[in-house]
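Report on the structure given below.
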Amino acid sequence: MTATEPTEPISREQSEPTGPRYGWQLVAVAGGLATALAGWVIVAGLSVVGWLAATRGEVGDALQVGTTLWLLANGAPAQLGSVTWSVVPLGMSLLIVFMISRFARAAVRYAAPEPAHRRAVGLGTVGLCSVSYAAAVAAVGLATGAETSYAILGAAVIAVVGSTWGSVRGLRVRVWDRLPGWARPVPLAVACAVGVLLLAGIAVLVTGVLLHLDRITALSAGLGAGVVGGIALWVAQAAFLPNIIVWCASYALGAGFSIGQGSVVAPSGVTLGLLPSIPALGALPATGPGSDRGLFWLASGVVAGAVAALIVVRRRPAARFDETALVGGLAGLLAGLVFTGLAFFTGGDLGDGRLAGTGPRLVELLVMSGTLLGLAGLICGLVFGLIAHLRRRSARTAEATQRTDAGSTASSSPAAEQSVDDGAGKGAVAASREVDRADVDADVPVGEVDDTEETVAVGDSNADHDADDASEQRRSA
């Protein structure tokens with residue numbers, strides 16, 4: 001018996017399925033539910049720790065407060081006794097976004113889709129994660145009697161943002177490559193400009209804390225929360241840290257913010273009413289007109305617009321200066337709009353009555369951010385573009401000068417001088433030979449034949465005969 005081999009080997013790729021692996025849908029749904037459970041455990045755990053440190057109440061009450069605060073992180077207003085609190089702790093919301101992005105990324109990586117199925121897997125992951133998470137939040141909201149509509153809407157926004165971020169990272173999709181060439185630097189420029197504004201907000205917050213540290217310490221001691229309760233209190237305030245940073249950035253732009261109705265906190269002046277005993281509010285400036293030094297914070301908007309223009313010029317070094325000016329101004333304007341939209345989600349109510357309407361003053365912020373960042377991006381884009389244009393022009397001029405110098409150096413090289421010297425030497429030798437011949441002719445008398453000329457003539461005649469004989473032989477051959 002002889003073994004035979006198939007003429008056409010079986011391809012391994014044909015034996016394996018070409019679509020995404022099964023089970024990624026379950027991973028996406030489980031990711032949304034696990035994110036909801038993890039977020040509730042974190043908030044409820046902190047509430048239990050703070051409640052037990054106060055040595056009063058029951059664990060059930062602490063869990064109920066924790067559930068209410070978790071729903072608040074998803075956008076549902078919290079009813080704490082007789083006080084309605086609707087300021088969303090963005091720190092907790094961002095943590096939820098991060099967790100759900102990790103589950104979405106794991107789902108798309110588990111699916112391992114081919115290029116033809118990547119879009120379907122990405123959209124499916126976003127949809128399943130969002131639906132499962134929003135359903136969990138809605139179920140808890142219905143069970144506790146919270147405002148379910150706000151909870152579902154907030155949970156959907158959080159889940160869509162987080163799952164989209166995770167899916168894009170998991171699929172390694174380069175979204176910005178699909179934009180036109182002139183628009184590709186804009187997303188990065190907008191992100192950097194918003195980052196500059198947030199850094200300015202951090203600087204304002206640190207300055208306020210350092211200037212009013214004694215007041216903050218007095219408010220913390222007046223609450224009498226103890227060590228464990230104090231830790232829980234500061235963790236709870238840290239959940240609102242992104243909100244406070246955005247408020248301080250609005251202050252740096254000149255728009256300011258309000259702590260309740262009729263209050264204004266801005267570089268031009270401060271007007272405050274009755275405030276709750278929250279230690280973080282101790283960093284607010286005193287009531288009165290603003291100082292001239294406070295106006296220096298307006299430079300943050302100019303710096304943010306300049307950074308946006310610089311990113312545009314660095315990403316497109318060969319662009320014309322008019323293009324860099326327009327795109328820089330567009331990036332600055334979009335950064336102002338994005339920051340205003342972000343500030344919209346940081347506001348709310350700290351209570352009823354005078355404490356309603358807390359957060360950045362959106363109309364003033366829209367005007368100030370668009371004006372400062374847009375004009376700064378336009379002007380700086382023009383200036384940076386002109387500088388880049390002049391540098392390119394000087395570089396071309398220097399390159400042309402180097403080529404000219406190289407050509408002149410080649411013409412005056414030693415080889416050229418050697419050829420000139422050789423030509424001159426040959427001319428001198430020929431001239432000396434003519435002189436010698438003239439002298440010989442002068443020495444020969446008239447009527448006599450020069451033996452030298454006759455010999456040369458005979459040699460030339462013999463050479464001609466030899467050449468004719470050689471040509472005849474070649475023809476005969």
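Cβ coordinates come from backbone N, Cα and C, glycine included.
According to TrEMBL, the compositional bias 'Polar residues' annotation covers 399-416.
The region 'Disordered' annotation in TrEMBL covers 397-477.
What TrEMBL records for 26-53 (among others) is transmembrane segment.
Tertiary neighbourhood of the transmembrane segment (80-100): same-chain residues 31-32, 35, 38-39, 42-43, 65, 68-70, 72-74, 129, 133, 154, 158-159, 161-163, 165-166, 236, 238-243, 345-352, 358-359, selected by CB-CB distance under 8 Å and a gap of 6+ residues from either end. Taken from TrEMBL, the feature transmembrane segment covers 80-100 (among others).
The transmembrane segment feature in TrEMBL is assigned to 121-143 (among others).
If you look up TrEMBL, you'll see 149-168 (among others) marked as transmembrane segment. When Cβ-Cβ distances below 8 Å are used as the criterion, the transmembrane segment (149-168) is approached by residues 28, 32, 35, 71, 74-77, 88, 93, 96-108, 121-122, 125-126, 129-130, 133-134, 136-138, 140-141, 175 of the same chain, each at least six residues removed from its ends.
Summarising the annotation, TrEMBL assigns transmembrane segment to 188-210 (among others).
Annotation source TrEMBL lists transmembrane segment at 216-236 (among others). For the transmembrane segment (216-236), same-chain residues at least 6 beyond its ends with a Cβ under 8 Å from one of its own Cβ atoms are 46-47, 49-50, 52-54, 89, 209, 277-283.
Beyond its flanks by at least six residues, the transmembrane segment (248-275) meets 197-198, 200-205, 208, 281, 284-290, 294-295, 297-298, 300-301, 339, 343, 350-351, 353-361, 364-365, 367-369, 372 of its own chain at Cβ-Cβ distances under 8 Å. As annotated by TrEMBL, transmembrane segment applies to 248-275 (among others).
Beyond the transmembrane segment (295-313), the same-chain residues lying 6 or more positions past its ends with a Cβ under 8 Å from any Cβ of the stretch are 185-186, 188-190, 192-194, 196-197, 200, 204, 249, 251-254, 267-268, 319, 324, 327-329, 331-332, 335, 368-369, 372-378, 380-381, 384-385, 388. The transmembrane segment annotation in TrEMBL covers 295-313 (among others).
Look at TrEMBL and you will find 325-345 (among others) tagged as transmembrane segment.
Taken from TrEMBL, the feature transmembrane segment applies to 365-387 (among others). For the transmembrane segment (365-387), the residues of the chain that approach it from at least six positions outside its boundaries are 193, 197, 250, 253-255, 298, 301-306, 308-310, 312-313, 319-333, 335-337, 339-340, 343, judged by C-beta separation under 8 angstroms.
The transmembrane segment (188-210) makes contact with the transmembrane segment (325-345), as judged by at least three Cβ pairs under 8 Å among residues 6 or more apart in sequence. Under 8 Å from some Cβ of the transmembrane segment (121-143) lie the Cβ atoms of residues 20, 24-25, 28-33, 35-37, 40, 67, 70-71, 74, 76, 100, 103-104, 107-108, 111, 113, 151-152, 154-156, 158-160, 162-164, 166-168, 171, 173, all in the same chain and six or more residues away from its ends.
Here the transmembrane segment (325-345) has Cβ contacts under 8 Å with residues 88, 90, 182-183, 185-186, 189-190, 193-194, 197, 246-247, 249-250, 304-305, 308-309, 311-313, 316, 319, 359-360, 362, 365-366, 369-382, 384-385 of the same chain, all six or more residues outside its ends.
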